[in-house]
Amino acid sequence: MSLSRSEEMHRLTENVYKTIMEQFNPSLRNFIAMGKNYEKALAGVTYAAKGYFDALVKMGELASESQGSKELGDVLFQMAEVHRQIQNQLEEMLKSFHNELLTQLEQKVELDSRYLSAALKKYQTEQRSKGDALDKCQAELKKLRKKSQGSKNPQKYSDKELQYIDAIGNKQGELESYVSDGYKTALTEERRRFCFLVEKQCAVAKNSAAYHSKGKELLAQKLPLWQQACADPNKIPDRAVQLMQQMGNSNGSILPSGLSASKSNLVISDPIPGAKPLPVPPELAPFVGRLSAQENAPVMNGVSGPDSEDYNPWADRKATQPKSTSPPQSQSKLSDSYSNTLPVRKSVAPKNSYATTENKTLPRSSSMAAGLERNGRMRVKAIFSHAAGDNSTLLSFKEGDLITLLVPEARDGWHYGESEKTKMRGWFPFSYTRVLDNDGGDRLHMSLQQGKSSSTGNLLDKEDLALPPPDYGTSSRAFPTQTAGAFKQRPYSVAVPAFSQGLDDYGARAVSSADVEVARF
């Protein structure tokens, strides 16, 4: 290698060191600063994501409390849990990004500046030393040759000249070898730094791949089930349908707050105390087998609430005779559809209180009237035992006893009849019995009323017709604070409709078509 090439390689070696110190390290510091900004932004995303999924959990809690959207609440919980796991994987990636990349690069770049400065200085010093030794040998050889040319005996300096030539060759070889090694070392130092950066970035990429793989695995497994859960917004879950059917199949129900029933301001199922056993009232005869044709639409034992103002108040009703009786065939159809038909009401403006309708009632049920017409007297079978205790106005019976009804309609969930076994007469809770068909089979009588039961109206208005005493000591003020769960120890309260327990949950209110469109998602 010629001297000029050695000098050129020396300049290249110095340029490599200077490139690392003047370009690579500043660029690496800028990379670290940008990485810290990126880490800070991802940490902000993580913090925001926690708040976002906490809110999603709250939405899931709301949905889980609804009878119609409970499974969607479970879906929202699953979504929050899946994304929490994905977020945990993201946090692992952030830890790797901070610990394996930013921290180590920051430590390396601070140490590297001093190391490279020392390495470059050492190389330059050694290269200069070897170059000076070579220059000195060359200068000595030049002097020797001048002396040899002016001497009368040139052979005298020939041996010494050969020694200098050998020394110069050795010095030049050492210098060239050192410069070559120095250049190789400089390139190696540069490559090691870039490899370190790539290696740490690969570690971050590996954690990033695990993060995305985890997210893909979880979402691919759960997403089809989530999409299936919300595929049909109009589908009511079977559980909610069964709940509605159970409520619809119960004759009694829970009294809405604000309702009271009789003239004495007692709860509907609270009988009037101090009465004696009732004989069959003489006023009953005109009602047996004769019902007004205006009761054509099947209406359950009564309505109260915001829609009940279409009906006459109980206190204002007079003893009137029905005009005509519905055809037997029509009455039979109404009786068959009794359990599947909701009350038909007019659409009226809702009110904020039930107080204005506490003394109002509906016409008598068409299906039960039809039963009276066909059979003369309707018979029921006890499905629960009932003890009257010391109260002489109540009728005691045991499960399986048969009772003949002596009035056409139940009043406020209480019916009046005669036990075929004991021949005793008195009031009893109608929900404790099943109505017997013509063939002797029993069927469960149902009531979808939303307020007070329909009654015999003016017949029961008379002061000489006594009602049973209070229903097991419950007061009208106790009902508003009770829930449906409090009545599971016996059949639903005969005072209030069972269907009203879940009616508000399903938004069974009169709304305009425009409101429906706005509410639809």
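Numbering starts at 1 and runs along the chain as it is shown here.
Glycine is no exception: its Cβ is also placed from the backbone N, Cα and C atoms.
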Candidate ranges 132-153, 462-483 [criterion: Swiss-Prot lists as coiled coil]: 132-153
Other C-beta atoms that fall within 10 angstroms of the C-beta of Ser396 (phosphoserine): 16
Separation of alpha carbons, Ser385 (phosphoserine) and Ser396 (phosphoserine) (Å): 8
DSSP-derived helix, strand and coil totals, residue by residue, for the domain 'SH3' (375-438): 4 helix, 27 strand, 33 coil
Intrachain C-beta neighbours of Ser385 (phosphoserine), sequence separation six or more, cut-off 8 angstroms: Phe397, Lys398, Glu399
